[in-house]
Every structure is written in structure tokens, then in C-alpha cells.
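K.L.:
Below you'll find the structure I mean.
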Number of protein chains: 2
Amino acid sequence: MKINYPDGRIFNSQPSKSSLHTTNAKKKLIFGDRGMTLEEEINESNKYYRAHDIAVIYKKPTPIQIVKVDYPKRSKAVIREAYFRQASTTDYNGVYNGYYVDFEAKETKNKNTFPLKNFHQHQIDHLKMCQKQGGICFVIIKYVELKRYFVMPADEIFIHWDAQFDGAKSIQLKDIEKGSIEIKADYNPTLPYINAVQQLIESGKEKK
Amino acid sequence: MKINYPDGRIFNSQPSKSSLHTTNAKKKLIFGDRGMTLEEEINESNKYYRAHDIAVIYKKPTPIQIVKVDYPKRSKAVIREAYFRQASTTDYNGVYNGYYVDFEAKETKNKNTFPLKNFHQHQIDHLKMCQKQGGICFVIIKYVELKRYFVMPADEIFIHWDAQFDGAKSIQLKDIEKGSIEIKADYNPTLPYINAVQQLIESGKEKK
């Protein structure tokens, strides 16, 4: 199977805050998905899904508060002072087969517990609002060291999030295994998470 | 009817490129929707729709290519060199009552023709892809001088866009009137475009 890496994708993809420090990001990508961040894996998968008319899902650009812009003559505008802003939403959304899809992606180097501090209140609130509107809402969790990936439905996330008020600080791997759909990294797409989305849609229909 | 302007909305909303030049943006907002840009009107409406559990729709942040970031000690990161990037998508998307909603907003000071150069190929392509996935896709057009607003379904836009190959440079107001749903500026929400979205959904069901 041919792995088709479109040219210039680094310049087409919004750099994450973390990738700003990564001088060898391009090199890493050339050698395939090993060492790719979860964000890169999802972006690759989304390109595949768009190219094959399966889904139209994008990562939202990082919100920036722009303070100062120079407009040099005969040259494009240069932002000279700007700050990272807190997002109001999750990072990813789009449309799959008539369904609104909304999710956040989180990775951990832990081998068991997944710390709840990876989530922010605004992300939980946003997922709740989107779910109320009939969206398919979830989180993709990557255990970097274990090379395991889980699609955890928003309802499960909410249960663990609320458990913080009883003192919980993290989710145990066994609870993630129980409450999620595990997906395997692959080629074309790198991370076939839409299969899990389809399962979520079907299980939602069964409930009704 | 009480007009509830939430505090600090200027700092909560992503500044558009054009608003960077607008030093009196805050003042303008205080005096209501007169003089608001279409973007401001839609952002206000989206806040209303979210606050009332009607729809969860956001403007996407402007995509920025970040080149240089300073990390001062005991202070937040400062972006020192960055550039505006071409977006791959439209500006607005979200979920309404189970439907994926995707649109672009355009305003003109013309009193009749709406120039097609207001659209970009990537926006047309994106609307086509989202429509194929079952999304509700359209453009909100504002005639600034006429104070008239139209929700034009993507299918109509595509027809006029393709007419460029026969030499068309713009859409006539009479064709916009014929092919769109006109909406009126109001309070709460400032621009009740979801009513038009509901009509598009219902007319789509009739076709099936």
C-alpha cells in the first residue's frame, strides 16, 4: 500500500504550541507515524478522510490575541506582538455522514492513570453543549508509551470529571478500557477513529 | 426588551484582520448593532444561541503561521513574528439541533451587484465537501448600505460561482433576492439567521 504524504504539509498545518519547539518535525514525519504526536496523527487521518469523501474534520487554529501588526511596503503583514489565548471550544470539529462531530485529543506518557488535569472546564462545557445539540462528542486518548488509543464518549468523560468532586484526580486505564472504544494506529488513515464514531452513532440509535 | 451585552466581549472575540485597524470598536459596540460589522453581528448572535441552548456555533480563529516566540521569565509567551495564513475552510461552523452547520459571511457596500471575487475557491470547495457530508451550508450576505441580509444556500452560490466561466463577475441583487432567505437585523439575537437555517432544513426534507 502506497503511503502518500502530500508535499508541504508542515506548512499547511497549524503549528501547535508544542511543535514550535520541535525543529525536527519534518524529519519525524518523513519516517512515518512512529514518533508522530497524536495531533499529527489526527491531522493526517483528517486529510485522508477529506480526500476520500469520508468526513470533513479539521483542527481549529490556535486562538491568538493580536496586539501589533506591521504592514511593510511591498511585503505581507507581519504580526509583531501577539499572545496565545485560551480556546472556548475543543480542538476538532466537523461533519461525518450528516453528523456533527466534536472532540478533543489528549496524550499521556503515563502507563496507567490518565490525569484529569489534562482536561479543562471549558472543554467539558463545550462537549456538553454540543452533545445537547445532537453532536457526536468524545475524546481521543493516546497512551504514548503503551502505543494504545481510545475513543472515549463524552458521557464517560463527564462521569470521571464529576468524580473530581469526590477527590478523584485521574482515570484508571482499566476504566478507560471499559468505557471506550480502542482503536489501532494504521496506515491510510493513520488513526481510523471514524470507525469508532460510527460505532458511537449506532449505539446511540440502539438506546433510542 | 432588555439588551444584555455580556461584559468583556471584545476581549473574548477573535479580532478580525479588519478590526485591527478599528480603534473605536468598543465604542461602536456600546451603541448597539448600528455600525456593527457582519462578523460582530454574527458573533453576538452566536453568543445568544449558545446561552439559550439553541445552537453551538463559533467563528474559527484566524489561522496564523507562527515563526518566533519569546518565553520571558515570569511572564506569558509572546509571539514576536507571525503571518496571516490562508484558511482552508469557511469561517463559521457548529451544530444546530443535530445538524452540522457551515457558512461564510460576506458584506458589500455595493447597492446592487455582489462581486464574486468576495469568495475564494477554497471556501467554495469546503462548502461543497461539507454539503456532500450532509451539512447545512450557506453564505450570509450583508448589503451594508441597504441594511439587508440574505442567507443564500450553498447550491445557489455554486451556480453563480460556476457562471464565472461564462464571464460573470458578480451576482445581481435580484438574483440574491430570488435565491436566498432574507433575514432582518433584530435584538436577541442580533441576526436571527438560525430561522433561515431551519427553513433550509425543512425545504431539504421536502425535496427528499
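Note: Cβ is positioned from N, Cα and C throughout, glycine not excepted.
Model, not experiment: these values are computed from the prediction.
Grabbed the feature section from TrEMBL, which reads as follows:
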BINDING   A:Thr89, A:Asp91, A:Glu104, A:Gln123  Mg(2+) binding site
SITE      A:Lys106  site 'Transition state stabilizer'
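Mind mapping these onto the model and telling me what they sit next to?
P.N.:
Of all Cβ atoms in the shown protein chains, 20 besides its own fall within 10 Å of the Cβ of A:Asp91 (Mg(2+) binding site).
Counting only same-chain residues six or more apart in sequence, the Cβ atoms lying under 8 angstroms from the Cβ of A:Lys106 (site 'Transition state stabilizer') belong to A:Leu38, A:Phe114, A:Asn118, A:Phe119, A:Val139, A:Ile140, A:Ile141, A:Lys142.
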K.L.:
Return the recorded positions from the list A:Thr89, A:Asp91, A:Glu104, A:Lys106, A:Gln123 for which some CB of chain B is under 8 Å from the residue's own CB; sequence order; 'none' if the set is empty.
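P.N.:
From A:Thr89, A:Asp91, A:Glu104, A:Lys106, A:Gln123, flagged as close to B: A:Thr89.
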K.L.:
Relative to the Cβ position of A:Glu104 (Mg(2+) binding site), how many further Cβ atoms are located within 10 Å?
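P.N.:
The Cβ of A:Glu104 (Mg(2+) binding site) has 23 Cβ neighbours within 10 Å.
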K.L.:
Which residues in the same chain, at least 6 apart in sequence, have a Cβ under 8 Å from the Cβ of A:Thr89 (Mg(2+) binding site)?
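P.N.:
Long-range Cβ contacts: A:Lys60, A:Asp102, A:His122, A:Gln123, A:His126.
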K.L.:
Which chain neighbours of the Mg(2+) site, leaving out A:Thr89, A:Asp91, A:Glu104, A:Gln123, have a Cβ atom within 8 Å of the mean position of the site's Cβ atoms?
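P.N.:
Other same-chain residues near the Mg(2+) site: A:Ala87, A:Thr90, A:Tyr92, A:Asp102, A:Phe103, A:His122, A:His126, A:Leu127.
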